[in-house]
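S.K.: Before anything else, here's the structure in question.
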Amino acid sequence: MFVLRPSSQRGSADHGWLNSRHSFSFANYYDPAHMGFSKLRVINQDIVQPSMGFGTHGHRDMEIITYVLEGNIAHKDSQGNVRTLPAGEVQLMSAGSGITHSEYNHSNTQALTFLQIWIEPNIKGQAPGYQQKDFGQNEGLTHIISPNGAVDTLQVKQDMHVHQLILSKGQSTHFSNTFPYQYVHLVSGKLDVNGFEMGPGDGLKITDEAKLVFESLNGVAVKALFFELP
């Protein structure tokens with residue numbers, strides 16, 4: 001079963017320095033029909049204006065994935081991590097028993113655009129942690145997050161996987177499912193998934209489908225995130 005949610009139906013918030021689009025209920029945006037999907041709780045697309053950012057704030061018991069699309073994030077947290085996260089890199093912060101952090105756009109001219117994704121952990125109260133990696137821009141599906149820290153992936157504290165999908169113009173790829181739920185978030189381009197056409201910002205909930213075919217459309221390259229969920 002497939003359920004497509006167009007980008008235009010997402011929640012939104014404009015704070016001047018920050019413009020956000022919410023795939024699921026978040027902060028002042030509440031929609032009981034969109035509270036999450038399996039263990040996927042949040043997908044926010046955030047645009048932060050130059051020289052602005054999120055001051056120090058806290059999280060608990062959430063696996064927080066940050067996927068930078070444009071610009072650089074200056075990250076600092078209570079575990080002593082002071083890092084720069086450029087476009088194309090992925091960060092996984094395990095909030096666990098509690099962590100505080102800040103995220104800033106130190107550019108004076110360029111807006112920062114990123115996805116922030118929250119995953120519910122399998123066990124609460126675990127030790128906080130931080131991981132970061134550049135996965136490149138390889139064609140097809142690239143395995144970026146796994147529950148067991150498989151080779152060249154970041155390790156998440158939940159039985160789920162995340163893949164980066166990149167397809168050049170007119171290309172396609174196949175995937176055989178072993179999990180009951182999947183979710184696709186399209187970052188850019190035009191994508192067909194088993195006959196369902198997606199545009200940028202669209203989300204696709206998938207339930208009990210054995211095989212998926214991803215195909216770029218309209219002569220446009222595709223970038224997306226693909227989640228396997230319990």
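Just so it is clear, glycine is given a Cβ too, placed from its N, Cα and C backbone atoms.
Quick paste from TrEMBL:
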BINDING   His57, His59, His101, Glu103  Fe cation binding site
DOMAIN    8-119  domain 'Pirin N-terminal'
DOMAIN    144-229  domain 'Quercetin 2,3-dioxygenase C-terminal cupin'
S.K.: Looking at the binding-site residues His57, His59, His101, which one has the fewest other Cβ atoms within 10 Å of its own Cβ?
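M.R.: So among His57, His59, His101, the binding-site residues given, the one with the fewest Cβ atoms within 10 Å is His57.
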S.K.: Around the Fe cation site (His57, His59, His101, Glu103), what further same-chain residues have their C-beta within 8 angstroms of the site's C-beta centre?
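M.R.: Going along the sequence, the neighbours come out as Phe54, Thr56, Gly58, Asp77, Ile99, Thr100, Ser102.
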S.K.: Validating a neighbour-count step here. Other CB atoms within 10 A of the CB of Glu103 (Fe cation binding site): how many?
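M.R.: That number is 22.
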S.K.: On the 0 to 100 scale, where does the mean pLDDT of the domain 'Quercetin 2,3-dioxygenase C-terminal cupin' (144-229) fall?
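M.R.: Computed over the domain 'Quercetin 2,3-dioxygenase C-terminal cupin' (144-229), the mean pLDDT is 97 on the 0 to 100 scale.
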S.K.: For His101 (Fe cation binding site), just give me the three-state DSSP call.
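M.R.: Looking at the DSSP assignment, His101 (Fe cation binding site) belongs to a strand.
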